[in-house]
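Under the heading compositional bias 'Polar residues', TrEMBL lists 467-480. According to TrEMBL, the region 'Disordered' annotation covers 467-489. Residues or ranges marked as transmembrane segment by TrEMBL: 6-26, 114-137, 208-228, 248-268, 401-425, 437-458, 614-632, 668-690.
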Amino acid sequence: MLPPRSIAYSIFLISYFPVYSGAVNFTQCLSEVQTLANQTSNSSDLRFDNGSLVPVDSIFNATAITIDACYSQCGTGQEPFDWAVFSQDFAAWLLPYLALISQLPFGARYQVDNLMSALLTVGSPTLAGYSLFLTLLNARWINQQFDSIDFPRRKLRKTVVDVLSSLQQVPLRVHPGEAAFLESLVVLPQNDNWWTTLSDSLNYTHSWSISSATAIAWVVIAYLLTVTDSLSNVADHINSNGQGTGSAWLWLLPIVVGWLVLAPKCAYGRVQHAFEQANQHIVVANAERNALKPNSGITIDAFHNISSPDEARTPPIYNYSRALSWSRSAYITSLLYRSAWRKAQSQIRVDGSAGWQTVPNSRAIHETNRQGNRAQVIAYCQPECNSEDIRWAPGIFSRMVLASLVTLALQWGTTGAAVLAVWYTPTTRLGCRSLAYIIYGAASTISWFLLVLSSLLAHYAMPSFETATSDDPTSTAPIPQLTPSPHPNDTPILFATSSSSAPADTAQTGATQSTSGNIIISVQGATPVATPSPLARFMNLGPELAQQYSPVSPAPGTSQQESMPLLPLNNSPNTPSTPPALQAHTGNVSSATPTATMQFAMALSNYLRWAGKTLAALNAAFIVTISVFQYANFYDRCYCNSSVLSRGSQAYDIVVILYSDVTLARGAWIGALVLASMCSLIFVGTIFLLGDSLPRSASASS
C-alpha cells in the first residue's frame, strides 16, 4: 500500500490541474449580477438565503443567485484551489484514518491478499463490521455449545473451545470416520497434549500495543480537536469543511478497536507452524505413527475442498466466507464431545469393561476410562446424527442476521451523519456532497450483500465437506458412518455396501486374522474398505500433494491392511475379546457429485463474489476521492453549491453566508457528530459487553 504522503501528492496532482482552467470567484459573480440587475431593474436572478425573490429595491441585499445566472456569469468551473486549506483539512480529517488502516489485522500468505483486505475494509465497512461481529457471535456460540460439557475435564474443555474459536481465520474441516483421527483427539488421553500444544502455540495476539494505541489516540484526539475548531469557525471555508468526511470515516475506529479486542489468529505462517507443532503429539487408536503425515481428523488447509478462494485467505475480513463451514465443523466436534460426555456421566468406559475409575477430589475423568481400540473409540463418541447430513449449523442464520443489523447500524449511522452534515450546509438539501456519501454507503451495503449471498450459495453448492469428488484422482468413496450392530456378539466387521453386487466367483466370506493380530474381513456382496489411504479419504488433495500424504509404507512381508489395521484385537484382561461389532453404512451420506442446481449455484456464487469485491475496491477509491474533492474545492461550483439534484430549475447558490446559515450548519454538524459518535460507541461497547463471554484458555484444572 502506498504511504499516506504519496497518496497526498497524487491526490494534489489530480485536483491541481483542472483548477486553473476555469477558476471562479463567486463573490465577484454576485456583484456582477447585482450590478446588472440594478441597471435593468430586473432582480429575477437574485435570491435571499431562503430562496425567496429579491425586490428591486433590495438588490444589493441579495445573498444568492439562481443556477441560470450562476452558469451565465460564473461558468461551470470551481473556485481556485487553496493549498493551505487543502493541506490543513487533509492532515486533520483524512490522514489519521489512512494511517489507522495499518492497524487492521492482515497476516495473509500473499501480500496481494493483504492489499485486497484493506480495499475491502475501506470499500465496504459493512462487510468489515459484519465479519467482525459474526466472528464474535460465533466465538460466543461455540463456547455455549461446550458450556455443559466437561469431557474429559473443564480445563481441557476450555482449551478445545479456545482452539476452535481461534481457527475461524482458516478453512477448518473435521473428518469423523473409520480411521478415527478425530475420535482419537476427542477420547484418547494421550491427545490432551495435542489440544494444549495447539492452544499454547496459538496464544499470540494481534492486540493492544504502543503503535496501535498511539494510532487510535491520534485519530480520536485529531477528530475532537478538528471538530471543535470547525464548530468555532463555521463560516470559514464552509463548503470545503471536512465535517462530512470526518463522520463518513469514523466507522474505521470501532472496527480497529473491535479486532484488537478479538485478537484474531490470522498470521498464516504462525497458524501453520502451530498446527504442525501440535501434530507431533497426535496419537491415533491402533495406527502406526508417521511423522510425515498430518492429522486428518482436523485440517486447516482444505486445498480444493473449499467453497471459495476467500476461505483460504487468513485476513479476518474474509471470515464472511468461512462462517458457515467453520460453524459446521465446530458443531460436529461439539457433537462428538457431547456424546462422549453423556457416556462418561453414565460411567461407561471406552473399552466397555466394568470398574469405573475416579480421580480423588476431582470431577475429571480418569485416563484409564478413556482407553480403547479404534472401534471402541469411534463408538464411544459417535453422535446420534450422521455428520454428512449436517450442512447448516444451528443458529447460524440468526447470528448472521444479528451481525448484519449491528453493522448496518454502524455503516449508516456514520454515513448518515456525513449526509446530515452537508445536507444542512448552505445551500441545503441533496447536492453533490450528500449524494456522494449516499453512493458510498449504498455501494458498501451492496458489496456486502453480494459477498454474503455468494458465501451462502457456495456453501450450498459444496457437494461434500468430508469427501472429494469422484472426478478427483485422489478421491475415494464417501467415508462411512459407523453404527453399532444389532448383534453385539457377532465377529467385528467393517465393510461398505456396494451399489452393485460383486461377482460370485470373486466374493468371499468369513474372517481372516493377519500375522499382526488384526481382523481383516470381506463380506459377500460388499466392497472391503482397505485399499485407499485413510488420509486420502479425509483430505481432498491435489496431485502435487498426494505423495506427501501417502500411507505408511508396509514393512517387508506385510500387507497394506496389516500396516493400517482397522479393527485390531485387544486381548487384555480388562477388554472383551470381541468388542462391540460395528457396521459401516453409506446411507444418508451426501453425494460427492454436484447436481445441476449446485453447479449453477456455484457459478452464480463466483460471479457475485467477483462483482462484490470489484465494487468494494472501486468504492474504496471513491471514498478517498470524494474526501479529497471536498478539501480541494472541487465541489465549489455552480452545480454542486446550488443543490440542483433536489431543487432542479429552482436551485440557487448562496454566496453570502448569514448568521442564520451558520446557526443551521452548526446545529447539523453537532447532530452529525453525536450520531456518528454514538453509533461507534455503541458498536464498541457491544463488543466489550459480549467479549466477557468469549472463550479463553484455562490456566488451571478444575
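Cβ coordinates come from backbone N, Cα and C, glycine included.
Because TrEMBL annotations are produced automatically, they should be read as predictions rather than curated entries.
Small disclaimer: the values here were computed from a predicted structure and weren't measured.
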Residues outside the transmembrane segment (401-425) whose C-beta sits under 8 Å from one of its C-beta atoms, at least 6 past its ends, are 125-126, 128-130, 132-134, 137, 238-239, 241, 243-251, 254, 431, 433-434, 437-438, 440-441, 444-445, 448, 452, 664-665, 667-669, 671-673, 675-676, 678-680, 682-683, 686
If one takes Cβ-Cβ under 8 Å and requires six or more residues beyond its ends, the residues near the transmembrane segment (668-690) are 129, 132-133, 136-137, 140, 227, 230-231, 234, 243-244, 247, 250-251, 253-254, 257-258, 261-262, 406, 409-410, 413-414, 416-418, 420-421, 423-425
Sequence-distant contacts of the transmembrane segment (614-632), meaning Cβ under 8 Å and at least 6 residues beyond its ends, amount to 7, 11-12, 14-15, 19, 81, 85-86, 89-90, 93-94, 98, 116, 118-120, 122-124, 127, 240-242, 244-245, 248-249, 433, 436-437, 439-440, 443-444, 446-447, 450-451
